[in-house]
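What Swiss-Prot says about this protein:
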{"type": "ZN_FING", "residues": "206-258", "note": "zinc finger"}
{"type": "SITE", "residues": "Tyr208", "note": "site 'Histone H3K4me3 binding'"}
{"type": "BINDING", "residues": "Cys209, Cys211, His234, Cys237", "note": "Zn(2+) 1 binding site"}
{"type": "SITE", "residues": "Met219", "note": "site 'Histone H3K4me3 binding'"}
{"type": "BINDING", "residues": "Cys222, Cys227, Cys252, Cys255", "note": "Zn(2+) 2 binding site"}
{"type": "SITE", "residues": "Asp223", "note": "site 'Histone H3K4me3 binding'"}
{"type": "SITE", "residues": "Trp232", "note": "site 'Histone H3K4me3 binding'"}
Amino acid sequence: MAIARTGVYVDDYLEYASTFPAELQRLLNTVRELDERSQSLINQTRQQTKYCLGLASQSSKKGNGNHYNNGGLDEEETIEKMRKEIESSQENALSLCTEKVLLARQAYDLIDSHVKRLDEDLNNFAEDLKQEGKIPPDEPSVLPPLPIVPKAEKRKSFYGTPQPKKIDYRDRDWDRDRDFELMPPPGSNRKDLMPIEEQPIDPNEPTYCVCHQVSFGDMIACDNENCQGGEWFHYTCVGLTPETRFKGKWYCPTCRLLPQSH
């Protein structure tokens, strides 16, 4: 009976996962395409900014050395036109990066759903083995899980989160807010997923923060790339709220004690 049921579980899962490789490949290819396009825009704005600053410097020298500014109006018009082009390119690049993050979240959720389905089938198969006396009744219902997310994974990974609030990029401190809106903490929407009945917490689920718990709710990332204090931190654990969150460089309690954080 157990052997027959094994075949059923395998066939069902293979059918369920039949479109998985193509879907994942499509998402990753799109992410790569968006990354190339956004990087091209970033390089373009970098060159435009450099040229614009050089033009402004030359205009300033001409103004200081002469009582008249020959061609100054043309240079100002050129600088203003280029400034608008730079702003437009930045907005387009930011839009592409946001789309890239959303696709990366979809890819993670896709992988996560297949892993959960596999865990569920393994649990059901283990229960069948118990009923047939193939394994002891007190054997854990979950078979040893395969590692999904390496614990050494760094904080800048993209994972699924609830839908972010609409961002007004012109009024925000991009360097700080990108950690909140575009680079949310790993797996923070898992509280919304229905867990498999009676399944214990996956021991491979990464833990963060000073509380050493899994990610959930609003979290903030430490700006120390080599953070050893938890990498991502729940607002409540570090005394933050969405209204009082820190703008600028933010370091966790552990990294604040390091010299380079000052």
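Glycine is no exception: its Cβ is also placed from the backbone N, Cα and C atoms.
What Swiss-Prot annotates, mapped onto the structure for a quick look.
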residue: Cys209; record: Zn(2+) 1 binding site; Cβ neighbours (10 Å): 23
residue: Cys211; record: Zn(2+) 1 binding site; Cβ neighbours (10 Å): 13
residue: Met219; record: site 'Histone H3K4me3 binding'; Cβ neighbours (10 Å): 26
residue: Cys222; record: Zn(2+) 2 binding site; Cβ neighbours (10 Å): 26
residue: Asp223; record: site 'Histone H3K4me3 binding'; Cβ neighbours (10 Å): 18
residue: Trp232; record: site 'Histone H3K4me3 binding'; Cβ neighbours (10 Å): 24
residue: His234; record: Zn(2+) 1 binding site; Cβ neighbours (10 Å): 21
residue: Cys237; record: Zn(2+) 1 binding site; Cβ neighbours (10 Å): 17
residue: Cys252; record: Zn(2+) 2 binding site; Cβ neighbours (10 Å): 24
residue: Cys255; record: Zn(2+) 2 binding site; Cβ neighbours (10 Å): 18
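For the recorded site, Trp232 (site 'Histone H3K4me3 binding'), the DSSP three-state label reads strand. Mean pLDDT across the zinc finger (206-258) comes to 83 in this model. Cβ contacts within 10 Å of Tyr208 (site 'Histone H3K4me3 binding'), excluding its own Cβ and spanning all protein chains shown: 26. Secondary structure at Asp223 (site 'Histone H3K4me3 binding'), taken from DSSP and collapsed to helix, strand or coil, is coil.
Same-chain residues with CB within 8 A of the center of the Cys209, Cys211, His234, Cys237 CB atoms, the Zn(2+) 1 site residues themselves not counted, are Tyr208, Val210, Gln213, Met219, Gly230, Phe233, Thr236, Val238. Looking at His234 (Zn(2+) 1 binding site) and Met219 (site 'Histone H3K4me3 binding'), their Cα atoms lie 4 Å from each other. Cys227 (Zn(2+) 2 binding site) has a Cβ environment of 21 other Cβ atoms inside 10 Å.
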